[in-house]
Each structure stands twice: as C-alpha cells, then as structure tokens.
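J.: Taken from Swiss-Prot, the feature (6S)-5-methyl-5,6,7,8-tetrahydrofolate 1 binding site applies to Ser4, Tyr6, Arg242. Annotation source Swiss-Prot lists (6S)-5-methyl-5,6,7,8-tetrahydrofolate 2 binding site at Tyr6, His217, Arg242, citing similarity to another entry. Annotation comment: Swiss-Prot describes Tyr22, Trp31, Tyr34, Arg41, Ala65, 86-88, 117-118, 139-142, Arg178, Tyr223 as S-adenosyl-L-methionine binding site, evidence class similarity to another entry. As annotated by Swiss-Prot, phosphoserine applies to Ser10. Among the features that Swiss-Prot reports, phosphotyrosine is placed at Tyr34. Under the heading N6-succinyllysine, Swiss-Prot lists Lys46, Lys193, Lys198, Lys203.
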Amino acid sequence: MVDSVYRTRSLGVAAEGLPDQYADGEAARVWQLYIGDTRSRTAEYKAWLLGLLRQHGCQRVLDVACGTGVDSIMLVEEGFSVTSVDASDKMLKYALKERWNRRHEPAFDKWVIEEANWMTLDKDVPKSPMGGFDAVICQGNSFAHLPDCRGDQSEHRLALKNITSMVRSGGLLVIDHRNYDHILSTGCAPPGKNIYYKSDLIKDITTSVLTVNNKAHMVTLDYTVQVPGTGHRGSPGLSKFRLSYYPHCLASFTELLQTAFGGNGQHSVLGDFKPYKPGQAYIPCYFIHVLRKTD
C-alpha cells in the first residue's frame, strides 16, 4: 500500500478495501461542519443541478457518494425520489439522523439510505424496476477518493462500470473531479471559491502531489478548518485533517467514462457549471461530466 511510503490519510482511517477516509469520525465531523446543510450549497450549483434534472425529466435519482447527505436532502426537499449510498458509515450517520428527524415528512420517510461500495455497487443497490435510475450523481470530487492501488486503473474502470450500470437507457450520469490538470502543472489548486459550498470555516488548504515512477499517483489536501467553540474559553479552534485523491486529468477521465458507457452516450463537459472549451482563458476549479445513456 502507498501508506508505507507516504501517509495518505489522517491517523485512524481505514486502509483496506475501498478506503473510508472518514473512518476516524473526526474528519467526518469536521467535514460536516465545513459543508454545512442545504442552505450552504451555492445558489448557482443548486439551480444548475435542479435545472438539469428537470430538463431531462428525471425523477428517480441515485446519489452514489452522498456523504453526509447534503445533496440528497436538497433533492428530497425538491420532490425527487432519492436513493443515497456511501461507503462511509461515519458520513452516513448524518444523513440517517436527518431522515429520522424529518421522518414525519412523507418525502423523507421514503428516502432510501444504504451503505454501499462502488466495487460491488451492482450487488449492494437493487436496480430500479424501470431498468435503472433516471439520474446517477457523483459530485464533490468524490470519485477521486478511489485510489489506483494496482497502478493500472482497473479499480476505476470497475467502479465506473458498476456506476453506469445503474443508469437507465436515456438516463443521466453526472460526475465531477477537480481540475487536476492545473494542480499537476502548477502544484496548487486554481484560485477561486468552492463552487459547491459557501462555507467560511476553511482557513487553509495545502496541496501536495505524490509522484511514483515519474507519474502523478496521488494528490493530498491538508485542510485547516476553524471549528466554532472548540478553542480556549469557547473561542474557535483549529482542526486539521488530510484527504487523498487520485488525480484524474480531463482527457484520461473522459476516456474512462466513454469506455464505461461502451460508446453509447452523449457526453458534455462543463467547467464550474459552464460549457468548457480547451484553451479557454478562465481556469475552472472543477470539471463536471454529464453523460446521457443512449443504448
């Protein structure tokens, strides 16, 4: 494992199988504070996602990286039928708590939440009776949490195969990743605010790139987050944790997605929710892939 050469995660985080980088509980707690609730989502992101789903007539949505449930909650509140899964039980507990607290609301009583692994997603999540979900979403740089342990991206291909198998014919896959092209060429993330969250708790993010045999193998982000009420006499304290990501570049990830769809899909790429053109002046923080299954 790469942990023998370079510490990829905060101490206490699981290292076997599909890694749960939030398994120590502390990272999950601080992350929940950072991302906040649905009110912390940017208006641009909310309008874009809801508009996209409604434009394509999507009703049944599978969130394959729901984390604390912030996107799923937003979709449930907006009238979508949502199934939410994540590999981290420490993250899921926040979603489960929200469902319990709002169980008297019919939409939340019907909200399905399961622990699931991308490597066995086809077995963990029953496929919709309609042949799949209208839309499958994997947002917030979530897919990059999956490392390339074997060095051949076979885990990535299997995970994408399983994820795309959940999409019905005519349905959508919405999946994103950070602009790792820029990170690898400059050593730091593009400037600008997070396009997903309005949080003001982040004090610093330090970027590191791990290279193995002259190939970028991993990007780590060391977060320093201001946590209210944890310092001296109730003042804000600082919490630090590290998350590691596989650096998916735009061209190679596009190829992985097209292979997963077997060439049967309409594929568009956006940079920070706007149509992206290679060489454009604006450098996006995130690339968002929208694929429609046409088989």
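The count begins at 1 with the first shown residue.
In case you wondered, yes, glycine gets a Cβ from its N, Cα and C as well.
Not measured: the values here are computed from a predicted model.
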J.: If you count the other Cβ atoms within 10 Å of each Cβ, which of the binding-site residues Arg178, His217, Arg242 comes out on top?
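T.: In terms of Cβ crowding, the pick is Arg178.
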J.: Measuring Cα to Cα, how far is Asn117 (S-adenosyl-L-methionine binding site) from Arg242 ((6S)-5-methyl-5,6,7,8-tetrahydrofolate 1 binding site) in Å?
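T.: Given the Cα positions, Asn117 (S-adenosyl-L-methionine binding site) is 22 Å from Arg242 ((6S)-5-methyl-5,6,7,8-tetrahydrofolate 1 binding site).
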J.: Quick one: what's DSSP say for Asn141 (S-adenosyl-L-methionine binding site), helix, strand or coil?
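T.: Note: Asn141 (S-adenosyl-L-methionine binding site) is coil by DSSP, not helix or strand.
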J.: What are the sequence-distant neighbours of Asn141 (S-adenosyl-L-methionine binding site), meaning same chain, six or more residues apart, C-beta distance under 8 angstroms?
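T.: In sequence order, Asp176, His177, Arg178, Tyr245, Tyr286 meet the Cβ cut-off.
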J.: Using Cα coordinates, what distance in whole Å links His217 ((6S)-5-methyl-5,6,7,8-tetrahydrofolate 2 binding site) and Lys46 (N6-succinyllysine)?
T.: 32
J.: Work out how many Å separate Arg242 ((6S)-5-methyl-5,6,7,8-tetrahydrofolate 1 binding site) and Ala87 (S-adenosyl-L-methionine binding site) at their Cα atoms, rounded off.
T.: 18
J.: Do you know offhand how many angstrom separate Gln139 (S-adenosyl-L-methionine binding site) and Lys46 (N6-succinyllysine) by C-alpha?
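T.: Rounded to the nearest whole number, the Cα-Cα distance is 12 Å.
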